[in-house]
Amino acid sequence: MYKLFFRLVFKRMDPEQAHYLAFRWIRLAARIPVLRTFVAAALAPRFKELRTEAFGLRMHGPFGLAAGFDKNAVAVDGMSMLGFDHVEIGTVTGEPQPGNPKKRLFRLVPDRALINRMGFNNEGSAAVAARLAAREAVFRTVVGVNIGKTKVVPEEEAADDYVKSTERLARHADYLVVNVSSPNTPGLRNLQATEALRPLLSAVREAADRTVTERRVPLLVKIAPDLADDDIDAVADLAVELGLDGIIATNTTIAREGLGLKSEPTLVKETGGLSGAPLKARSLEVLSRLYARVGDRITLVGVGGIENAEDAWQRILAGATLVQGYSAFIYEGPFWGRAIHKGLAARLRTSPYATLADAVGADVRKSA
C-alpha cells in the first residue's frame, strides 16, 4: 500500500515537501496515546534475541535511524514507534542556520537513492537542547546527538563551535557523534585529516566530561566513504588512541562514477551527497576495513545503502554492532523497521551464531 501511495502521491511532490508532510503525520500519530500504542504494537516488534548493548547502552535491537531525518529532535518517540531501536537526531550546529538554498533534495528513484545538499539546516544547539530537556519520553529509546560545524564559523575555529554544541547538548544525549564528513558544508571534510581531527575530538571529549560529571557520554565520529584506505586506517588508529567509543561508517558520497546509476543524467549531476542503494558496496568495504583494524576495541556503526534485513546482517558480519538507515525508509515506508527486525531475527536463528554479538565481525575474522 505504501509503495502505491509513494508512486501516486509522494513521487509527484517536491521531496522536501513530502518529507515534512510525512514527518507531520508521524508526529501527530505519536501524540495520540491509543494510536501510538496500536502503531508501535504493529510496527515495532521486540525480539529477545536481537537485544543489543553498545558503548554501555542497552537497546531493543541493533537497528536505528541515521542522522538527517529528525534534525531538531521533534519526533524521537514517533520514530521509535515505527521500530527504530535508537534515533540519531541532527546534525545540530552551534548556531541556528537555514541550510543551503532550495531545491536541495533529489530522489533518484530508479537507483533507490537520494542526493541532498541540505547544508545542516537546523534550529541550533540551544533550541534543540531545550527541546530535549523538556521531552517527556514515551518509549525507552536511545537518543544519539549528531553535531556539526556552523557554516559561517571559520575552519580554524571549528573546535570552539563543536564545544559550544557539546556543552549544550551532552547532558541530553545518550551518545554524541562528531560529524566531520558531510560534503555540504565547505571545508568540513578537511577536519577528517588526523592533524585537525585529533584536537577537535579531544576538545569535544573534554567538554563532554566537564559538562556531564555523573556519567561518561559515549563519543563517536562519523566518516565519509570517499576517504582513501590509508586515511581510514589513520582515523581508526586515532579513535583507538583517543579512546573513542565508536565510528560510524559511512556518510554520503560525492562520487558518481562506478556506481551504475540509472537515473536521468541531470539528476545524477546534482551537487550534494549521494545516499541509498548505490552506496552499499563502498560502505560495506569501509566497515570491513575498520573492523580489521580495530576489532572489538571500538564499536562500529554501519550505515549507507542498507535496504533490507540481509543488508543489515551483512553489516553485522562485517563488524557493525549497530546498523542505521534513512534513504530506504523513504522508499519502503513505515513497515520498513518491522521487516528489518523480523528478517534479522530469522537470519540469526538459521545462523551458526548463538547471539547477535557472536556474529559481529565474523566474516572479517574468517578472512583474517
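Each residue's number is its place along the chain shown, starting with 1.
Every residue, even glycine, has its Cβ placed from backbone N, Cα and C.
Matching Lys71, Lys269, Lys280 to the substrate binding residues that Swiss-Prot gives (Asn116, Arg117, Met118, Gly119, Phe120, Asn179, Asn184, Asn251, Thr252) identifies Lys71. Site annotation (Swiss-Prot): FMN is bound by Ala67, Gly68, Phe69, Asp70, Lys71, Thr91, Asn146, Asn179, Thr250, Gly276, Gly305, Tyr326, Ser327, and the candidate from Lys48, Lys222 recorded at this site is Lys222. Here the candidates are the binding-site residues Ala67, Phe69, Asn251. The one whose C-alpha lies nearest to that of Ser182 (active site, nucleophile) is Asn251.
Secondary structure at Asn179 (substrate binding site), as computed by DSSP, is strand. For Gly276 (FMN binding site) paired with Arg117 (substrate binding site), the C-alpha to C-alpha distance reads 15 Å.
Lys222 (FMN binding site) and Asn251 (substrate binding site) are 7 Å apart (CA-CA, integer value). Counting every protein chain shown, the number of other Cβ atoms lying within 10 Å of the Cβ of Arg117 (substrate binding site) is 21. Counting only same-chain residues at least 6 apart in sequence, those with a Cβ under 8 Å from the Cβ of Lys222 (FMN binding site) are Ala67, Asn146, Val177, Val178, Asn179, Val180, Ser181, Ile247, Ile248, Ala249, Thr250, Asn251.
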